[in-house]
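Now, the feature entries from TrEMBL:
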type: ACT_SITE; residues: E30; note: active site, proton donor
type: ACT_SITE; residues: D158; note: active site
type: DISULFID; residues: C221-C253; note: disulfide bond
type: ACT_SITE; residues: E267; note: active site, proton donor
type: ACT_SITE; residues: E292; note: active site
Amino acid sequence: AQLWPPVVTALAFRGQTIFHTSNGEASLFEVNIRYVGGLLSAYYLTGEEVFKQKVLELGEKLLPAFNTPTGIPRGVINLGSWGWASAGSSILAEFGTLHLEFVHLTELSGNPIFTEKVMNIRKLLDKIEKPHGLYPNFLSPVSGNWVQHHVSLGGLGDSFYEYLIKSYLMSDRTDEEAKRMYYSALEAIEANLVQKSPGGLTYVAEWRGGILDHKMGHLACFSGGMVGIGADDSVPEKRQHYLDLAAEITHTCHESYSRSATKLGPEAFRFDGGAEATGTRLSDRYYILRPEVIESYMYMWRLTHDPKYRQWGWEAVEALEKHCRVDGGFSGIRDVYASTVSHDNMQQSFFLHIRTGPLWTDCGPCRHRQSFTCWGQGTSRLLVSRILQALCK
């Protein structure tokens with residue numbers, strides 16, 4: 001597909017100027033998923049050499065982050081000096097969400113160092129002792145030991161698991177290490193975190209040193225789609241089970257939307273004190289245009305062609321239009337349970353490149369598998385056309 005020429009021109013200009021005037025600290029993870037992923041995607045979409053040149057320059061500048069005793073990168077980068085600031089513990093969802101982009105950097109440059117860096121991360125995680133097979137969210141880049149035993153499929157953990165299954169799919173199903181680690185992690189998650197509420201809703205709790213916190217964050221709602229796309233490559237006797245589990249989790253996340261006054265979901269919802277799929281705390285009731293629930297609708301529509309997932313996606317569109325559209329775009333809201341909404345006056349950057357992509361692909365047939373579509377944590381998902389091909393066969 002061709003991009004509108006003025007868009008290509010604007011992107012190329014931005015590609016020529018980016019990083020020369022930037023200053024201040026930023027997350028290595030965010031630089032990777034937004035800038036590296038975005039530039040890679042722009043190059044694959046347009047073929048413009050400026051994007052390839054700039055993404056390889058940027059990739060080189062990120063390499064010092066890995067200069068730690070373990071090779072686990074630190075989390076914070078200074079964009080002015082490209083110096084590195086200690087951020088204490090490294091976060092699983094951050095250092096575990098580099099693999100797809102860095103493999104592509106190696107493919108484009110011919111330099112194996114990018115793949116070597118992320119493979120070192122994977123090998124360390126593979127061999128380290130894991131409590132009950134679970135991956136805690138914090139790891140010391142100095143000692144290589146877990147810092148605390150907090151496990152979550154939501155914030156701090158989420159995209160690590162997603163990148164395992166997508167690495168396997170992106171490799172044309174040849175990355176057996178990623179496959180093994182993904183299904184082992186999924187088994188541990190199901191054994192220790194997946195719960196059923198008294199009302200019959202399946203949810204993924206958080207784990208704090210062996211104690212369950214019966215809370216599910218909006219971020220964790222990506223897991224319905226993740227479990228779904230991995231179902232077909234599991235052992236034959238588990239395939240339908242995982243597809244059913246994916247549907248149950250996605251249904252629960254839909255319930256978190258349908259039980260609010262705005263038909264939009266809270267930042268987190270709980271299953272305690274008689275509440276089910278409801279944000280019971282004031283600090284959980286806001287909505288900042290997050291995409292994960294609709295992302296799972298998109299995956300489940302692609303996998304099952306059950307029309308309810310399209311319908312749920314359309315319901316979300318209507319709710320966004322009604323409650324979040326403002327003169328300058330779309331705004332988050334402070335309380336999804338309030339009949340009169342209060343806007344937070346902020347359109348998150350991920351809204352356009354993550355939120356609207358799954359809504360578009362909800363309605364597109366599989367003939368679009370050659371196109372690049374935003375599929376999750378960042379624009380890096382645009383890279384994974386091979387995943388689209390695998391799912392649409």
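The backbone N, Cα and C atoms fix where each Cβ goes, glycine too.
Locations of recorded TrEMBL features on the structure.
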residue : record                    : contacts (Cβ under 8 Å, 6+ apart)
E30     : active site, proton donor : none
C221    : disulfide bond            : I249, T250, C253, S256, G265, E292, V293, E295, S296
E267    : active site, proton donor : G217, H218, G279, S283, D284, R285, Y286, Y287, I288, R290
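Residue density at E292 (active site): 26 other Cβ atoms are found within 10 A of its Cβ, drawing on all protein chains shown. In this structure, D158 is the one among the recorded positions D158, C253 with the smallest number of other Cβ atoms inside 10 Å of its Cβ.
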